[in-house]
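What TrEMBL says about this protein:
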{"type": "TRANSMEM", "residues": "12-30", "note": "transmembrane segment"}
{"type": "TRANSMEM", "residues": "42-64", "note": "transmembrane segment"}
{"type": "TRANSMEM", "residues": "76-100", "note": "transmembrane segment"}
{"type": "TRANSMEM", "residues": "120-142", "note": "transmembrane segment"}
{"type": "TRANSMEM", "residues": "162-183", "note": "transmembrane segment"}
{"type": "TRANSMEM", "residues": "203-221", "note": "transmembrane segment"}
{"type": "TRANSMEM", "residues": "233-257", "note": "transmembrane segment"}
{"type": "TRANSMEM", "residues": "277-297", "note": "transmembrane segment"}
{"type": "TRANSMEM", "residues": "332-354", "note": "transmembrane segment"}
{"type": "TRANSMEM", "residues": "360-377", "note": "transmembrane segment"}
{"type": "TRANSMEM", "residues": "389-410", "note": "transmembrane segment"}
{"type": "TRANSMEM", "residues": "416-434", "note": "transmembrane segment"}
Amino acid sequence: EEAIFLRKKITLLRAFSLLIGSMVGSGIFISPKGVLENSGSVGFSLVVWFSCGLLSMFGALCYAELGTRITKSGGHYIYILETLGPLPSFLFLWAEFFAIRPANSAVVSLAFGRYMLEPFFAPCAAPVPAVKLVSLLAYYTVLTLNSWSVTWSARLQTALSVVKLLALALIIVPGMMLLAQGHTENFQDAFDRQSLVLDKLPLAFYAGMFAYSGWFQTSFVREELVKPERNIPLAVIVSVITVIVGYMLTNVSYYTVLGTQDVLASPAVAVSFVQRAFKSLISVVPVLVALSCFGTMNGGIFTFSRTLFVASREGQWPPLFSMIHIRRHTPLPAVMLMFPLVTAMVCIGDIYHLLNFFSFSRWLFIGLATLGLIVHRHRHPELHSPFKVPLFVPISFTIICLFTVAMSFYSDPVNISIGCTMVLSGFPVYYLIIHRQIFLPFFFTLSDYLTHKLQLLLEVVQQEIKTY
């Protein structure tokens, strides 16, 4: 009885919550160990955290301008498609679906399971099978919610953003109190150059940037944003500044209470912090951290489903995934597609290997997207953009991203080579299916048949109103 399309339900508050909820997740509770391990000392690790925040702000500003220039949803994918062409955009989609997104979701899910179970097994570590089971249950819960309602997914994200900020506050306050009392012994000789290994620094940046990742999430839902020209830049700037301040204070609190060896030895840094500084909240903070991870899972599913939706609409993904549920107005097929790969990675994955595995591909394509902004400005000087950043911002951000990607081959050649191979494996697929459109008649007929049957089963249809 009504038109089928994705409604504009993302207000400024929901956009801010989406960004905060995506950035403040497992990263700040997992990455301190990875940053410290690869930077070598407390002082250099804090420099890495601040540098990652500044770099994230540069990237967020570039994406804010891209979001006002290109009016389609889809994030990295649509920006690369519109500026650099169909081949790099398909390679991104290929790597994102088979490597980046499932690995990212697996990392966050495993962090949820670990923190949720930690209080019940302390002082022992939680059993790995139990962690993986709880991780999968949480992921499937969020998957179901995103299939059911856009409004309720957005409301959950807003509520969990408040929980995330509360979790950070419970770590920051006791740490700052101890620091004010003169507990600075863990900052002695903070910049120990002997422990600095330059070829490991890219991995430290990967761990830090993973904690900040999420500043690009509004670009995935551009068509569903209310007043995007105003709300995208505003939400991006406020949220990134908030997170930078919060992360710096959180890390200072960690190091005030825990020594270097304690951070490196801890499988769950926030839990170790509470055990040492705030024993009365030993069972509360891990649950808050787990809820933070839950919000990051929700934001990730919410946004990546839009990438698949747009890619299908652009003809680079099967047509079923550009369809919307007739009553729920959610991109149901796109939401459901990820769960087999995420399930596999949760079952077999290790957090830190997964982190390096997907970081290479992610930052390669983010660098290409901001390179696309420079190209788009050159090709369309007449195009008026309501938000514009100085040219040195996309240039410097692109150079840093691509340089870090190149250096990472020396830091972790095995995992980076796997990620590179995953990207390159998309070339023959693009050539045969997208570029030359070589289809076997049987395969083409079978694909149409399955699409029709699944469309009836899932009660989904093509979008009826153009929203961009």
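Each Cβ is built from the backbone N, Cα and C atoms, and glycine gets one as well.
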**Message:** Assess whether the transmembrane segment (416-434) lies in contact with the transmembrane segment (360-377), where contact requires at least three Cβ pairs under 8 Å among residues 6 or more apart in sequence.
**Reply:** yes
**Asked** Counting only pairs at least 6 apart in sequence, do the transmembrane segment (203-221) and the transmembrane segment (233-257) share 3+ Cβ pairs under 8 Å?
**Response** yes
**Complete:** For the transmembrane segment (12-30), the distant same-chain contacts (Cβ-Cβ under 8 Å, at least six residues beyond its ends) come to 107-108, 111-112, 115, 154, 157-158, 160-161, 164-165, 167-168, 210-215, 217-218, 221, 225-227, 230-232, 234-236, 238-240, 242-243, 246-247, 250, 268-270, 289, 292-293, 295-300, 302-303, 351
**Item:** Range from 76-100, 120-142, 233-257, 360-377, 389-410 with the greatest count of C-beta pairs under 8 A to the transmembrane segment (42-64)
**Value:** 233-257
**Long-range environment of the transmembrane segment (360-377) - Cβ separation under 8 angstroms, sequence gap at least 6** = 59, 62-63, 65-66, 69-70, 76, 79-80, 82-84, 88, 91-92, 95-96, 99-100, 104, 206, 209, 213, 216, 383, 391, 394-395, 397-398, 401-402, 404-405, 408, 415-416, 419-420, 422-423
**Message:** Using a Cβ cut-off under 8 Å, which residues of the same chain at least 6 positions beyond either end of the transmembrane segment (120-142) come close to it?
**Reply:** 105-106, 109-110, 112-114, 267, 271, 275, 282, 293-294, 297-298, 301, 339, 342-343, 346-347
